[in-house]
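A.B. asks: Pasting a structure below so you can have a look.
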Amino acid sequence: GYDGGSGYSDDYNRGGGSGKMKIRDQIGDILGGFIGGGGGGHGGGGGGGINIGDVAGIIGNLSGGGSKGDKIGGLISGIGGLISKNKGQYHGGGPNVNPNSLNGGMVDVVSGLVGQLAHRFLGVDPTTGKIIGAIAGNVIFNLGGKDNNLGHVGKVVLDNIISGKFKRKTDPFVKPEPSVLPRPPSPASKAEALDFYRTREQCLQERRLFEDPEFPACDSSLFFSKRPPKPIEWRRPGEIIDDPQLIYEGQSRFDVVQGELGDCWLLAAAANLTLRDELFYRVVPPDQSFTENYAGIFHFQFWQYGRWVDVVIDDRLPTSSGELLFMHSREHNEFWSALLEKAYAKLHGSYEALKGGTTSEALEDMTGGLTEFFDLHSPPDHLMEMMMRGFEMGSLFGCSIEADPYEWEARMSNGLVRGHAYSITGMRMVNGPRGRTPILRIRNPWGNEQEWNGAWSDNSHEWQYVSEQEKRDMGLVFSHDGEFWMSFDDFMRYFEKMEICNLGPDVMNEISQMTGVHSSQTTWATNIHEGSWIRYRSAGGCRNYIETFADNPQYAIHLTDSDPDDDDELCTVIIAVMQKYRRELKHAGVENLAIGFAVYDTSGVSGRLTRSYFQTHKSCARSAAFINLREVTARFRVPPGTYVIVPSTFEPNEEAEFLLRIYTNGFIESEEL
């Protein structure tokens, strides 16, 4: 147990049991007490002897050694009292087990019994919510996940983190001190930043639960414009339910439920994130739980304006009448979504700052990707090829049908639902009644029988043209799970909006390092620039204000390679301009500005473009409109050459910081002029 009786048991040659044990380091102790009937919170019995050689053998088995026989029954009898609480809430028990019996069956025990019960607890201190006597833990077994209910990819990710094969490139998040003026907050020095591992270690040594000084459990962390609408009580998960878990039986997009905060956009992004384990565990690091090294401290990682930051929080959550007030999981003992929302609220200053937003904004903050929107009534040329290439490059896709103004989420006769966000999870060419046919796999987040019922739906006659082997390759399963296939033509006929979140090469390379799997040979090339619009100097407004338009920042890009596998010798370019720190300044009345950009073909021209140039030349491409979103994006196909991008606000002399991102399929160079 973590919080046992008195004294320490720190000798590898003794069984664990009574006394407090160092879960992180004393593997022999823990396994000795675990196997020998070691006690729980307030004083279990001593364990049987076990030496370091036995421990090494155990770990060897757990790391992949084979099972030599079925000893599960004996092992269960040895730890049964500990797991089933036969001796009461705070006492261990059970007979000693001969360590030699561990050679057979231990892997099965870990894969089965311990895997299922790793998050069951012997007790919870009612005054602190502290877990007492938690069983198992990722660091002990180093299996990367069964103990933490991780999916297959999550296990690989965790193993790579624990072994040191992969280290995330993140900066510690420093709570900013935003100015009333729309300029970037002034961060404190990095020395003041909370370091998750160092802080957790300190809390464990001092036997205390972490309380975040940067995001305290008080009204200022909740709202800035008004008091909470009902009495709020901050509680730790252990004070809400007896057996809290970070992730319950694997995360899924069906986990998340919206609370009393207007952040459905965040919920939708979190649900989409669960479709890709390698992306989910990038945001929700798997090296934390309510068992191993629990100290009331958690961390989450978000992309913020070009860099990844590690946001550390405590696990005190706002509740009312004993229930979570905001975003939470459908399973009452699962807390990853509530804690993720709290970390995101800290990133932006308060829970209220999360009111109102777009799914793409949150999805970008969770992936570092670049999101595009498409109106399927007027789709771009070669949309199907664009989507196929996107899937090859790891992009995320979503789609929807416009809502009925008189009936929200109205069900249509074909099984689709208006005003409802779907995810596109796959694309494939198969044999059909009319030859080779492109089909899409689409997921309804409700996860029920509400599915498309037309061509290529579950058990439709079109599937008779697909071989059984290809069906197996597709993992085809017909069930009322909310996932269905439909033809590309029907998709274009019935869906009206689509968004694509394109992942950059840094994210894709990181995924490869985390998982050991290279998902694609094709990635985007990206360049990023930071800039600002400053009044009377570099805030010239849009081209309507021709006298000052040339004052805006200007960026030259040099495209040398046309798209691979295309015959038209054109380059695909995606340009995105993002205004920074606006959500963080909502408490000061700062809102998004209307922003956009224009692109000029400047082959044969050098240096900054002047007012006279703009008076005599038109742009070759531009954003569709100036709009007050955090980010505006547009995709173009242009010949190789040199171009100048001019990002601007609509009105002159409006100040803001911005981030310019440029994605291409080939080599790119860029610089500010």
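Keep in mind that glycine also has a Cβ here, set from the backbone N, Cα and C atoms.
Below are the features listed in TrEMBL for this protein:
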- CYS264: active site (ACT_SITE)
- HIS420: active site (ACT_SITE)
- ASN444: active site (ACT_SITE)
- 209-504: domain 'Calpain catalytic' (DOMAIN)
A.B. asks: Specify the count of other C-beta atoms within 10 Å of the C-beta of CYS264 (active site).
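C.D. replies: Result for CYS264 (active site): 15 other Cβ atoms within 10 Å.
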A.B. asks: If you measure ASN444 (active site) to HIS420 (active site) at Cα, how many Å is it?
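C.D. replies: That comes out at 8 Å between the alpha carbons.
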A.B. asks: If one measures from the C-alpha of CYS264 (active site) to the C-alpha of HIS420 (active site), what distance in angstrom results, rounded to a whole number?
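C.D. replies: Given the Cα positions, CYS264 (active site) is 12 Å from HIS420 (active site).
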A.B. asks: With H, G and I counted as helix, E and B as strand and the rest as coil, say where DSSP puts HIS420 (active site).
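C.D. replies: SS state of HIS420 (active site) = coil.
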A.B. asks: Which whole-number mean pLDDT does the model give the domain 'Calpain catalytic' (209-504)?
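C.D. replies: It averages 83.
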